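To start, I am sharing the structure in question, which I have written as structure tokens.
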């Protein structure tokens, strides 16, 4: 699910944080990709009649079709992908996962009913809601990646958090996922739509965390608190708190502790905090996720030549893919993985670390900006109060 409305909040308040461009702009870059999110997107790319792509034996092949051709598209454009798979979910996420499972069960029943009585749109809508990524899907995709010569690693828990670690360490240029919570895990750059099909003609969104924080006038802790208020995978949102309200609450109070205190003291009880709402635990999962250090041997990876005959055996003989297309794709992989070895010019220059004085100046400017925002809001509130207090002119 990610963070509800976060893209909208950043687009409206920190537009400089978002760049949209063509996939070829990322030539020569290494990118860590959230594998589970990608596989899910491949599985919901169903045909209009709501059916998954199937082999002759009735096995689902949508995930393999998507993984093979979308990865091929990236490599064709000079990108070197690394896939990161989810490990066990954090305990705090189990409640949300249970709710999702219940929703999928309801959707399955609704899907069956729609097939009998509903429209084509109903069938497709409920079909998408029944989709879930299984261990078998993951295992088959890992087998495919190995045969393609594309590296993958397993994260201890959340794949997005591990992608963020690799991006911060400079082992990859960016983390790629549709989940906006990748930014909460401190990924410096998030790429979205990278694994979308070419037919969708969606530009690649490149979101820079530092620019988002600057535009929002927040530090990382406040940004995480904002994301929890917006609604994340770990907690249900506070009813009636939408994106504008969430942003105002954090700007007015600074921390979730003070937001909660303000809500609980409000005599009007405009908002009601859910009975069990362990926001501090959710914050801790974003600040200190269970991840491997970027220098851990488990995080070593390299790109290798594809096993062409192995791909033919697996995709053509086992899964019923077209042999000419598979061989053609494997040949492109072999050729373009070598081309992707070429370095971008920016790779020759390492960013210079900021001095303590520069960091202090940035912090001072940030604090001044926050104070200025608070002062302006107080003045606006005072002006409104005075306007209300003025006697109305006689008609």
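Just so it is clear, glycine is given a Cβ too, placed from its N, Cα and C backbone atoms.
Bear in mind that the values here come from a model prediction, so they are computed numbers and not experimental data.
This is the feature table in Swiss-Prot:
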BINDING   34, 86, 158, 160  Mg(2+) 1 binding site
BINDING   47, 70, 158, 231, 233  DNA binding site
BINDING   179, 181, 233  Mg(2+) 2 binding site
COMPBIAS  357-389  compositional bias 'Basic and acidic residues'
REGION    96-122  region 'Disordered'
REGION    122-253  region 'I-domain'
REGION    357-395  region 'Disordered'
Using Cβ atoms only, which residues of the same chain lie under 8 Å from residue 181 (Mg(2+) 2 binding site) while being at least 6 residues apart in sequence?
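Looking at Cβ-Cβ distances below 8 Å from residue 181 (Mg(2+) 2 binding site), excluding near sequence neighbours, one finds 2, 3, 6, 160, 227, 232, 233, 286.
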Are there binding-site residues among 70, 179, 231 that sit within 10 Å of residue 34 (Mg(2+) 1 binding site), Cα to Cα? If so, list them; otherwise say none.
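Cα within 10 Å of residue 34 (Mg(2+) 1 binding site): 179.
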For a three-state summary based on DSSP, what are the helix, strand and coil counts in the region 'I-domain' (122-253)?
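Counts, helix then strand then coil: 68 helix, 15 strand, 49 coil.
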Count the Cβ atoms, other than its own, that fall within 10 Å of the Cβ of residue 70 (DNA binding site), considering every protein chain shown.
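Result for residue 70 (DNA binding site): 20 other Cβ atoms within 10 Å.
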So, three-state DSSP: helix, strand or coil for residue 34 (Mg(2+) 1 binding site)?
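SS state of residue 34 (Mg(2+) 1 binding site) = strand.
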Tell me the Cα distance separating residue 158 (Mg(2+) 1 binding site) from residue 70 (DNA binding site), rounded to the nearest angstrom.
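Per the Cα atoms, residue 70 (DNA binding site) and residue 158 (Mg(2+) 1 binding site) stand 22 Å apart.
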Provide, as an integer number of angstrom, the distance between the C-alpha atoms of residue 179 (Mg(2+) 2 binding site) and residue 158 (Mg(2+) 1 binding site).
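Per the Cα atoms, residue 179 (Mg(2+) 2 binding site) and residue 158 (Mg(2+) 1 binding site) stand 11 Å apart.
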Would you say which of the binding-site residues 86, 160 has the most Cβ atoms within 10 Å of its own Cβ?
160
Would you list the other residues of this chain near Mg(2+) 1 - those whose C-beta lies within 8 angstroms of the C-beta centroid of 34, 86, 158, 160 - in sequence order?
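My list of surrounding residues reads 36, 37, 84, 155, 157, 159, 161, 162, 163, 177, 179, 182.
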If you average the pLDDT over the region 'I-domain' (122-253), what number do you get?
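Summing pLDDT over the region 'I-domain' (122-253) and dividing by its length gives 92.
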Could you state the whole-number distance in Å separating the C-alpha atoms of residue 231 (DNA binding site) and residue 158 (Mg(2+) 1 binding site)?
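Between the Cα atoms of residue 231 (DNA binding site) and residue 158 (Mg(2+) 1 binding site), the distance comes to 17 Å.
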